[in-house]
Structures are given as structure tokens and as C-alpha cells.
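J.: According to Swiss-Prot, the protein carries these features:
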{"type": "BINDING", "residues": "Gly12, Thr13, Ser14, Leu15, Asp16, Gly17, Ile18, Asp19", "note": "ATP binding site"}
Amino acid sequence: MRTGRYIGIMSGTSLDGIDVVLAAIDEHTVAQQARYCHPIPMPIKQQILAMCQGQAVTLSRFGQLDTRLGILFAEAVLCLLQQTGVAPHEVTAIACHGQTVWHEPEGVAPCTLQIGDNNCIAAMTGITTVGDFRRRDMALGGQGAPLMPAFHHALLAHPQERRMVLNIGGIANLSLLLPGQPIRGYDTGPGNMLLDAWTWRHRKAPYDKDGRWARSGQVHQSLLQHLLADDYFLRAAPKSTGREYFNLGWLERKLSRLGPVPAQDVQATLVELTARTIAQQVLLCGGCEHLLVCGGGVRNPLVMNRLSALLPGIEVSPTDKFGVSGDDMEALAFAWLAFRTLSGLPGNLPSVTGAREETLLGAIYPVMPATEKT
């Protein structure tokens with residue numbers, strides 16, 4: 001087993017920053033030791049958003065963005081090392097998920113694309129880097145997502161209790177940790193993505209702090225029904241989605257079927273959409289005793305309150321109460337996946353992704369021992 005210290009990097013679909021964590025990992029434990037959040041410059045964020053929504057881009061601009069993100073990820077790691085006093089040679093590997101700019105798991109040639117050049121990360125830090133975690137699963141017929149349920153099971157499953165883990169990032173995804181049943185998980189639909197995009201358009205703020213703007217509006221029932229009628233919510237698992245599907249263009253097409261709707265009412269309706277689509281899936285799967293929530297959405301009290309109201313009898317709690325940082329869950333998960341890859345262990349779950357078999361995940365970008373920086 002390649003036990004040791006690992007660094008995980010995650011920027012996520014919300015684009016609210018680059019989360020970097022340092023953790024000591026072995027076969028049985030993941031012990032977080034430090035965290036750091038690195039800002040994403042607005043020009044880079046805007047380029048990513050444009051690409052995710054299908055805007056044309058030259059190969060030159062695409063390549064430059066790939067390099068710039070790789071450099072930015074490396075700088076985030078170097079800041080964490082400086083903050084902690086940990087030397088590069090003390091770190092076994094870096095795990096970098098990369099920034100998803102396209103995810104298309106269906107069709108004749110399924111594909112997923114994460115950018116942020118791992119060569120830049122390995123070269124600038126002198127640390128072996130593991131990246132490109134999703135495409136091997138997809139090559140075996142899987143969705144390439146979600147990859148979190150295996151990690152959720154390793155850290156948060158209980159032998160008797162029915163538990164589900166909900167990650168509310170840009171997209172919301174659910175992991176079913178039900179005793180005696182195969183581990184399952186899938187994307188329920190939009191999490192913070194539409195809420196943040198709508199807030200930026202109308203308030204020029206990165207997110208709706210504490211759901212205050214949404215509280216000033218009312219749920220528009222006709223709009224809500226139009227949104228809930230989308231085919232994605234009716235599809236059976238395994239399924240996964242992203243910004244290339246749930247974006248402002250999607251919302252505007254739904255709005256075009258109605259008369260004018262006040263912006264604050266749209267925001268209130270989007271909160272209800274997120275909560276309702278999550279709650280429906282929890283109940284469809286037979287419910288649970290504990291719904292453990294992580295990701296940025298856990299800090300939106302309006303979303304959390306709606307989940308509690310829609311799921312009576314289920315304890316809705318942050319994963320922090322169970323010993324795992326909700327803010328750092330995804331970065332920790334990819335650090336753990338890198339540990340599994342370097343240890344020769346599979347990282348995917350066919351019961352979750354639909355892949356034909358278990359497999360190692362990720363590509364390894366090694367460094368020469370002589371280049372390790374002290």
C-alpha cells in the first residue's frame with residue numbers, strides 16, 4: 001500500500017475557488033491535516049463558464065486555458081506547502097480532478113473533459129501527480145461519475161443505519177449507503193449551479209448569501225412544474241450531468257414558455273427545484289435515517305431547511321458532525337482515489353457508474369527523484 005501524505009485539488013462546478021487539502025492516508029483512515037482555498041481569477045472563471053456552455057473556442061485559447069489552470073493548481077499546492085511547512089518530498093502524490101468543461105456520458109462516443117495540465121503541476125511542485133480520473137470508467141461503459149460514493153462508503157457507512165450522503169456542489173449528487181444493498185449513487189440535478197448563475201446575472205454577487213435574496217421571492221408554481229418536467233429528473237440511474245446541460249440557457253428556455261417572472265421569484269423557485277429533486281430521490285430509494293450533507297449548499301440555510309421540511313423523520317445534518325469536513329469532501333475523495341491508484345486498487349463502483357467492471361482510475365505523472373524539491 002502507498003500509505004503517506006497526499007494532496008487533493010478540487011475546483012468543482014461551482015467555481016467558487018480551488019480547494020486544496022493535505023491528508024495522511026492508509027488502508028483504513030483518511031486524516032485531514034490542512035486545507036487551503038485558492039481564488040480563481042475572474043477572467044479564467046469567465047473562460048471556463050463560456051466553454052462549459054458550448055461557446056466556440058479556438059484550439060489556441062483552449063490550450064492556453066489548460067496550461068493556465070495547471071499553473072494555478074500548482075500555485076495553490078505551493079501555497080498550501082508554504083502554509084504548513086511541509087516539503088514536497090514528504091508528499092506521496094497530488095491528486096488533481098481538473099476542471100470539468102464538458103461531460104457527455106451518453107451517445108455513440110461518450111466523453112468527459114477535465115482541463116488543468118497535470119504536467120505543469122508535477123513540474124512546478126516536484127511531486128508525482130495523478131489526474132484524469134473519469135475516462136477509464138467511461139471507456140468501460142460507465143458514466144465516469146459519480147466517483148464520490150466509494151469514498152463516502154469508506155468513511156461514512158454504518159453497518160445498521162440507513163445513511164445517504166448528499167453533496168450539494170454545482171450539481172447535487174446522492175450516495176446510497178444502505179446496509180445489505182449494493183452501493184449506489186447518481187446526480188440528482190442542479191445544486192448551487194443555477195442559483196449562483198442567476199444571482200450573478202441579477203445581483204453581480206457570486207452567490208446568494210444565506211439564501212436571503214431567494215427569501216424575498218415566492219416559489220412560482222408554474223415555473224417549478226416546467227422545471228420538474230425535464231426528462232433528466234425522470235431518467236433512472238445510473239445518470240450524471242453537469243453545466244453543459246443545466247445552465248442559464250436551459251433555464252431561459254423554460255422561462256420563455258411563461259410570462260414575465262420576477263427575478264427573486266425565479267431564485268426562490270430554483271431553491272425549491274434543488275430541494276425537491278433531492279428529496280424525491282431520497283424518498284424514491286426508500287428513505288434513510290441520516291442524510292449527511294456536504295458541499296457548498298450546506299451553507300445555504302434555506303436549502304437545508306427545505307430539505308428538512310420535505311423529509312420529515314430523516315435527520316438532515318452536515319457531514320462535519322460525523323467527522324468529515326463538508327467543505328473538503330471532494331478534494332479528500334480524490335486524494336483517496338490517488339492512494340488507491342498508486343496502491344493498485346480499483347476506484348470506481350460499477351453499481352454506481354454502470355461500468356462493466358472495476359478498474360484503476362487516473363493517469364500518473366511521475367517525477368524524477370532528483371527533481372524533488374526540498
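Residue numbers in this text run from 1 along the chain shown.
From the backbone N, Cα and C atoms, a Cβ is placed for every residue, glycine too.
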J.: Identify, among the binding-site residues Gly12, Gly17, the residue whose Cβ has the fewest other Cβ atoms within 10 Å in this structure.
T.: Gly17
J.: Based on Cβ atoms within 10 Å, give me the single least packed residue among the binding-site residues Leu15, Ile18.
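T.: Candidates: the binding-site residues Leu15, Ile18. Fewest Cβ atoms within 10 Å: Leu15.
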J.: Please classify the secondary structure at Thr13 (ATP binding site) using three-state DSSP.
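T.: Its secondary structure by DSSP: coil.
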J.: Using Cβ atoms only, which residues of the same chain lie under 8 Å from Ser14 (ATP binding site) while being at least 6 residues apart in sequence?
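T.: Result: Gly169, Gly170, Gly191, Asn192, Met193, Asp196, Gly296.
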J.: Hey, does DSSP put Asp19 (ATP binding site) in a helix, a strand, or just coil?
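T.: The three-state answer is strand.
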J.: Cβ within 8 angstroms of the Cβ centroid of Gly12, Thr13, Ser14, Leu15, Asp16, Gly17, Ile18, Asp19: which residues besides those meet this for the ATP site?
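T.: So the additional residues around the site are Met10, Ser11, Ile40, Gly169, Gly170, Gly296.
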J.: With an 8 Å cut-off on Cβ-Cβ distance and a minimum sequence separation of at least 6, pull the same-chain contacts of Thr13 (ATP binding site), or say none.
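T.: Listed in sequence order: Thr100, Gly169, Gly170, Ile171, Met193, Gly242, Arg243.
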